[in-house]
Ligand code: HEC
Ligand code: HEC
Ligand code: HEC
């Protein structure tokens with residue numbers, strides 16, 4: 001199909017269904033012109049990045065939007081599905097209403113969706129953005145990858161159980177802007193709570209596995225890593241500036257550290273594709289600061305220039321000099337294109353040492369965003385540092401490079417390593 005033919009086909013689809021969907025006839029039910037349609041598709045593509053659809057629906061070795069990413073659930077392994085425009089394996093046959101039901105309400109033609117698909121957050125996506133997403137998804141390249149059978153050994157139909165979950169745990173909140181805040185702040189709130197679905201990882205869950213809205217963004221453990229507290233209060237206490245946070249979100253690195261693991265996937269597929277205005281909006285909302293949407297200087301700062309005072313009598317000093325300083329610098333100042341600064345690093349500065357132990361234990365695989373932006377891999381020290389050495393090293397890191405002055409115990413390290421070993 002030629003692109004223009006494809007576009008007009010999507011146009012027709014949107015029209016035939018959007019009229020039925022709208023409660024009352026709205027101006028958006030007017031036939032979009034081809035030019036408007038192309039614009040709508042471009043907006044949809046951007047919004048799909050803001051929603052990180054490909055982060056979950058595309059795997060490294062697979063076709064774009066072909067699905068197949070595994071999610072561990074208490075009932076077994078679940079796989080994301082093919083959401084390309086392919087009519088057999090994907091969602092190419094979905095009407096607008098079916099698309100809306102799946103993305104916003106978690107109800108697909110095959111039944112209720114497992115909440116690994118973040119529809120509780122996507123419920124806040126507005127109508128215009130839903131239409132743009134639909135227009136975009138109906139013309140993506142068809143992926144011929146068949147869906148994987150789920151490895152869920154539930155004694156009865158899991159999708160019926162999910163219907164109950166939807167009734168009791170899904171609060172169906174729509175987006176409500178705050179009247180006393182700036183448009184930029186509210187744009188940030190819309191993105192964080194809706195498409196960005198930040199709370200799916202950063203908000204703790206109750207016994208029903210529903211996110212606890214009273215504790216929004218206060219931090220939670222996901223996939224054996226701590227998604228830290230990113231409330232304005234905590235970010236301010238841990239000295240994140242507007243500039244550092246905007247830079248971390250836009251590039252995945254800053255003088256407060258780099259994004260890794262699940263956060264790296266969010267960065268790579270989603271946040272690094274957002275424009276400066278939206279990055280400023282998210283930053284403004286997270287820090288609860290009203291800043292004008294000025295251009296944020298986003299060239300990655302690879303190192304923090306300030307050298308630190310270090311206590312050479314601490315037992316972790318020798319380990320640091322031997323094993324870490326070659327990449328992270330003798331005073332934790334980092335080395336451009338090699339490794340980030342550890343001085344003022346947010347992971348080390350967190351009073352919860354979970355992620356520091358996880359990183360030292362498991363290392364970080366080589367991560368790259370583009371040809372200009374990449375780091376070495378961070379080695380794993382699971383086998384070369386015992387619990388005592390790791391505890392001493394963390395004490396040294398915190399006392400030298402952060403404002404945490406506590407001493408890490410062997411028991412703390414052992415407990416966290418036990419949790420990591422269960423992964
Ligand atoms: C955090 C991971 C995650 C993200 C992000 C995500 N999805 Fe999903 N999605 C899933 C999983 C897992 C399923 C399958 C759930 C099931 O089978 O119960 C799914 C299912 C779907 C379905 C139902 C398909 C079918 O087979 O009927 C649609 C449509 C969909 N996603 C669209 C999207 C769109 C559009 C976005 C971006 C705005 C998106 N998803 C982002 C994980 C995700
Ligand atoms: C071969 C170089 C190398 C060595 C040696 C090394 N690291 Fe790293 N480290 C890295 C890189 C590169 C990253 C960032 C990886 C990324 O996010 O892509 C990193 C990340 C980290 C992080 C996570 C912080 C963040 O924001 O990304 C911590 C903590 C850390 N290193 C501590 C250490 C300690 C302690 C040692 C010594 C036991 C050490 N590293 C040895 C390269 C190294
Ligand atoms: C799939 C889970 C997941 C999602 C979704 C997610 N995060 Fe994260 N985030 C993490 C994890 C895990 C870490 C810890 C690793 C690191 O520091 O990179 C993290 C770290 C961070 C940090 C660094 C905080 C610190 O103190 O080190 C910030 C800031 C952040 N996320 C913001 C966001 C924002 C904003 C969104 C939504 C646009 C978001 N995250 C969505 C999992 C997630």
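Keep in mind that glycine also has a Cβ here, set from the backbone N, Cα and C atoms.
These come from TrEMBL:
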- 53, 56, 57: heme c 1 binding site (BINDING)
- 198, 201, 202: heme c 2 binding site (BINDING)
- 324, 327, 328: heme c 3 binding site (BINDING)
- 39-141: domain 'Cytochrome c' (DOMAIN)
- 183-290: domain 'Cytochrome c' (DOMAIN)
- 311-401: domain 'Cytochrome c' (DOMAIN)
- 1-22: signal peptide (SIGNAL)
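Structural mapping of features recorded in TrEMBL.
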residue: 53; record: heme c 1 binding site; DSSP class: helix
residue: 198; record: heme c 2 binding site; DSSP class: coil
residue: 324; record: heme c 3 binding site; DSSP class: helix
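The shortest Cα-Cα distance between residue 327 (heme c 3 binding site) and any of the binding-site residues 53, 56, 57 is the one to 56.
Listed in sequence order, the residues of the same chain lying 6 or more apart from residue 57 (heme c 1 binding site) and placing their CB within less than 8 Å of its CB are 65, 66, 67, 69, 80, 81, 82, 83. The number of other CB atoms found within 10 A of the CB of residue 328 (heme c 3 binding site), across every protein chain shown, is 24. Among the binding-site residues 198, 201, 328, no residue is found with its Cα located within 10 Å of the Cα of residue 56 (heme c 1 binding site).
Applying an 8 A CB threshold to same-chain residues 6+ apart, the list for residue 198 (heme c 2 binding site) reads 192, 217, 230.
Within the set of binding-site residues 53, 57, 201, no residue has a CB atom less than 6 Å from any atom of ligand 2. Taking a Cβ cut-off of under 6 Å from any atom of ligand 1, the binding-site residues 53, 56, 202, 327 reduce to 53, 56.
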